[in-house]
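> What TrEMBL records for 42-69, 538-562 is compositional bias 'Basic and acidic residues'. The compositional bias 'Polar residues' feature in TrEMBL is assigned to 73-89, 99-118. Here TrEMBL flags 123-136, 148-161 as compositional bias 'Acidic residues'. Per TrEMBL, the feature region 'Disordered' maps to 42-170, 538-574. Taken from TrEMBL, the feature repeat 'WD' covers 175-207, 276-318, 337-357, 371-405.
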Amino acid sequence: PLVADADMLGTPDPELAATMGFSGFGKKARTFDLEAMFEQTRRTAVERSRKVLEAREKEKEDQAEKEFRIPYTDSSVSASSITRPGSTLTEREAVCSESEGSSNEALSGPSMQSQSSAKGPAEDTDDDNDDDDEEFIGPPLPPGFKDSDDDNDDDTEEDDNNPIKKIPDSHEITLQHGTKTVSALGLDPSGARLITGGYDYDVKFWDFAGMDASLQAFRSLQPCECHQIKSLQYSSTGDVILVVSGNSQAKVLDRDGFPVMECIKGDQYIVDMTNTKGHTAMLNSGCWHPKIKEEFLTCSNDGTVRTWDVNNEKKHKSVFKPRSVQGKRVIPTTCTYSRDGKLIAAGCQDGSIQIWDRNMTVHTKFHCRQAHASGTDTSCLTFSYDGTVLASRGGDDTLKIWDIRQFKKPLNSADGLPSFFPMTDCCFSPDDKILVTGTSVKKGGGSGKLFFFYRETFQKLYEIEVTDASVVRCLWHPKLNQIMVGTGNGLAKVYYDPVKSQRGAKLCVVKTKRKERQAETLTQDYIITPHALPMFREPRQRSTRKQLEKDRLDPLKSHKPEPPVAGAGRGGRVGTHGVTLSSYIVKNIALDKTDDSNPREAILRHAKEAEENPYWVAPAYAK
């Protein structure tokens, strides 16, 4: 309790106090017991909320009673239906009570109010204690508050049981990369930036936080001149990007697209690929090590899989050489690290999947000879997040899932999934329960789709019609919970759900498009200084129209420029037939219109002239 005691302040002389107007100064202040006040307030609040709840329950009971009465008009039936077990009312009394009930809206059976008042003191104290525990102070909870909570629980349970609910596809945005196939997609680990690469050699950078609803890329570049982009990936820290294109040298760029390193090109005249420092043929794929941020992996048409260090561009770290059944060289079309980075897997053109220990380059650790049809390009290998399962997307229109410890036959497979691209993707959902892949279509042959399969049973859960072209790349980002898709007609689509997804596409959709700035005139703003000296005075700004009219009158400014020389003599202003003798003769030969098609006529043309004026033959014979 707070006590303000006037004695502490000292009591002045009463006369002085009266004169100064402090007559009440000597009295003691009231004492306030705050705890008692709080207790009082709490009690009234509890009481009020209890009354409200009782009133509400009473209303419910009235409603229920009305519903009971409507179907049964017969008094005896209604009486028997209303009379509760344990209440000993005769039929007549029940009918009376019913009539009373209809007039006074009274409840049959003891009322809630009387029940609560009938409680003993002990029960009351119990209730008080309970209230103390639960701190039930203030206005009552809204009706059905607990129920709504339970419903939410049910919904979440349903969501857990129904994996389709987890697919974030209620909304989508479309990023226009270009007109040709988007063959590579990369998202940094935080999900702030997306990069797209395509068959048009361009790599475009998209920043979700910086974009507005016009969805424009903030940078576009061609890191590998005229080579199609095969693969793009951010490193595990997100500070550098691996670019794999159609040439033999992989590049590493920083976040803003500036080159960090370029792998060396190998010597194509050396037979043993171990002795060359780099790849000698076109690259097919590449990826970063999931744990070591400086290491990455590439595979190429020279029949090797090589690991590299960002800090050493002069030579690869190690070389893995896939071999066919006969021990011949075979081309790896895709490669990947396991989630812990200890294994390296490659899919090859003979249909095999070969897996090495990262530190043992010679012999494979796991090997499946006929994973896919021989002669087809296995376009993607990816490990599940738990690291126990490997999914492969084949060029033979199948999607298979393997346990690498039992590598003879797949756990499950799905076919009838056409793929025309050597980089068609498959990926796992963030919770590892769903597997996603895209399908290819010929021009005018329907829509490319994104298929979702349940990992355990490989039952097709869901499909999204993406666009009227092939679906090449797909990527389900675990942090954003958004699905990125690259298509055959130059689009990059982002699927998201405003509730289930985080950041990403949600950031740029809400921003309005920036207004186009009006074309700013490049005229200088003149500062008018009325009292300046004439030598500092600036010429007054005239309108451009008047200036143009003046210029037209000026013969020098309005002189039409000399047109370029066309026709004969172009380039060196030579005469009509050139200055050389040969050009003169050629021109004359071209001008000669005599017809030599009939030789007899050509000779007889001169017969008359020879008779009249003989020169060669006749004078010789005359002598």
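Heads up, the Cβ atoms here are built off N, Cα and C, so glycines get one too.
A quick note: this is a predicted structure, and the numbers were derived from the prediction, not measured.
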> Across the repeat 'WD' (175-207), what does the pLDDT come to on average, as a whole number?
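Summarising the repeat 'WD' (175-207) by its mean pLDDT gives 90.
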> Over the span of the compositional bias 'Basic and acidic residues' (538-562), count residues by DSSP class, listing helix, strand and coil in order.
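For that range the per-state counts are 10 helix, 0 strand, 15 coil.
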> Report, as numbers and ranges, every residue of the chain located at least six residues beyond the repeat 'WD' (337-357) whose Cβ falls under 8 Å of a Cβ in that stretch; write 'none' if there are none.
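Contacts with the repeat 'WD' (337-357): 287-292, 297, 299, 305, 307, 320, 322, 324-325, 330-331, 363-381, 383-387, 390, 392, 394, 396, 402, 404, 407.
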> Mind checking which residues reach the repeat 'WD' (371-405)? Cβ under 8 Å, same chain, six or more beyond either end.
333-340, 343, 345-353, 355, 411-419, 421-428, 430, 432, 435, 437, 453, 455, 458, 478
> Would you mind splitting the compositional bias 'Basic and acidic residues' (42-69) into helix, strand and coil residue counts from DSSP?
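Each residue of the compositional bias 'Basic and acidic residues' (42-69) counted once, the result is 28 helix, 0 strand, 0 coil.
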